[in-house]
Amino acid sequence: MRIALALARRGLGDTWPNPAVGAVVWRPGPQGPVILGRGWTQPGGRPHAEPVALAQAGEAARGAFMSVTLEPCSHFGKTGPCSHAIIEAGIARVVSAIEDPDPRVNGRGHILMRAHGIDVTVGALGREARWANRGFIKRMVEGRPMVTVKLARSADGFAAGAEGPRLMITGPEAAARVHLMRAQHDAIMVGVGTVLADDPALTCRLPGLEHRSPVRVILDSALRTPPASRVAATAGEVPTWILCAEDAPAEREAVLAGQGAVIERLASAPEGGVDLLSAVGALARRGVTRVFCEGGPRLAEALAAVGQVDALELLTGPEALGRAGLPALGPALARFMETDPHVERAAPVPLGRDLWQSFERRR
Ligand code: AOF
Ligand code: ZN
């Protein structure tokens with residue numbers, strides 16, 4: 001199951017709207033388990049993990065065991081259900097980590113395999129499996145994706161100067177780590193202020209992982225995203241969704257949509273801007289399970305204030321700004337980081353001259 005979980009994690013950020021599942025076909029041997037086939041959910045969510053592992057094992061699967069990080073499915077999708085494939089391959093025993101909360105499955109996969117005489121046990125490393133797929137589970141159960149907030153701050157706690165040009169707070173090692181985090185999320189979200197100030201590309205540029213760029217999401221109530229910005233100019237190549245208010249100007253919508261962006265109109269917040277709960281709900285409806293927010297301290301704080309931050313990735317640079325700037329952490333995020341009893345705090349990790357700290361809500 002540990003191997004299956006490691007295989008599953010390869011797919012994170014790359015399988016939405018489906019979960020990232022891992023499966024191992026194996027046989028007990030005198031020197032320990034012998035692995036016959038390994039599989040993980042493929043890009044876009046199909047094929048599922050189990051048929052990949054079964055195909056690799058071939059005829060050796062007959063009488064063998066399968067460990068799988070999520071209940072094998074029982075519904076007919078683009079191909080037949082995985083539980084059928086497992087029955088047909090002659091697997092004798094299935095070790096499954098958790099039930100699939102998808103209402104189309106929800107225990108039926110386990111029941112079906114048991115009905116065909118397969119010995120099914122559920123719960124092995126269940127906590128770890130639930131954790132790996134917390135984005136998928138949250139979307140299924142709550143109709144919202146998991147949200148990770150990334151913030152970079154100076155040694156004295158500022159995000160950047162109050163105004164003025166973009167400030168490089170952290171170094172290349174931290175940037176590489178951030179690009180990996182981008183690849184492991186389904187969508188990357190910013191406010192239009194970040195687009196106007198920084199003109200970011202918001203793609204994953206790690207060599208070899210360029211194809212794993214997440215969907216780019218811009219919260220832009222009045223559709224102020226400039227058609228000449230990098231995100232708009234490349235909207236035909238990298239999926240780009242702009243969430244705006246009901247009354248955003250139609251002529252701007254036409255221009256951005258013409259460039260390939262997907263525009264969705266949502267309710268506005270009383271204080272202006274797109275309502276954040278509606279925004280994350282809209283992303284879940286579109287299939288997103290894991291959101292990476294790089295939208296700057298104001299958006300991060302607003303998400304924390306409505307209880308929509310599941311994880312905080314905080315990077316602290318070695319240099320002080322030395323003057324007043326925009327504080328990186330507002331009061332709600334500071335509470336999340338420092339006092340929330342459900343938040344787990346990992347030991348800080350040095351990245352070059354910077355420090356990386358992770359904070360994750362456990363429930
Ligand atoms: C599995 N193994 O590797 C994955 C599963 O749209 P479909 O037909 O691909 O079905 C999507 C559902 O299948 C998804 O919501 C989840 O319940 C399950 N995902 N199941 O047996 C896998 N990715
Ligand atoms: Zn399946």
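Using the three backbone atoms N, Cα and C, a Cβ is placed for every residue, glycine included.
Since we're looking at a predicted model, the values are computed, not measured.
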Per TrEMBL, member of Ala152, Ala346, Ala347 binding NADP(+) alongside Thr194, Asp198, Ser221, Gly296, Pro297, Arg298, Leu299, Ala300, Glu301, Ala302: Ala152
Nearest of the recorded positions (His48, Glu50, Arg182, Leu202, Arg205) to Gly296 (NADP(+) binding site), judged by Cα-Cα distance: Leu202
Which recorded positions sit within 10 Å of Cys82 (Zn(2+) binding site) - Cα, from Glu50, Ala152, Leu202, Arg205, Glu294, Ala300: Glu50
Densest Cβ neighbourhood among Glu50, Asp198, Glu294 (recorded positions), 10 Å radius: Glu50
Cα proximity to Ala300 (NADP(+) binding site), best match among binding-site residues Cys73, Leu202, Arg205, Glu294: Glu294
Neighbourhood of ligand 1 - binding-site residues from Leu202, Arg298, Ala302 with Cβ under 6 Å: none
Contacting binding-site residues for ligand 2, chosen from Ala152, Arg182, Arg205, Glu294 when the Cβ sits under 6 angstroms of any of its atoms: none
